[in-house]
Amino acid sequence: MKLTCVMIVAVLLLTACQLITADDSRGTQKHRSLRSTTKVSKSTSCMEAGSYCGSTTRICCGYCAYFGKKCIDYPSN
């Protein structure tokens, strides 16, 4: 019985703390998420076939050939 009361009080305190901090942080988000069109345009930014793909941060539209370090398109079926 004593343990149950302690657990109930702990849950109530944690819930109250979350509600208080949620109210305080309303409207103070610094970095808002990107719009879906921006996400799509960034996700489709890749290097074309024939481009060097050694130590770049961008990825190939197809795949990077290991020995030639060139981007190659996927074969069409």
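For all residues, glycine too, the Cβ spot is worked out from N, Cα and C.
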(request) State the disulphide partner of CYS46 as given in Swiss-Prot, choosing from CYS53, CYS61. (result) CYS61
(request) Return the single candidate from CYS17, CYS64 listed in Swiss-Prot as disulfide-linked to CYS53. (result) CYS64
(request) Spatially speaking, which of the disulfide-bonded residues CYS46, CYS61, CYS64 is closest to CYS71 (disulfide bond)? Use C-alpha to C-alpha, please. (result) CYS64
(message) DSSP secondary structure for CYS60 (disulfide bond), reduced to helix/strand/coil, please.
(response) strand
(request) Could you round the CA separation between CYS61 (disulfide bond) and CYS53 (disulfide bond) to a whole angstrom and send it over? (result) 11
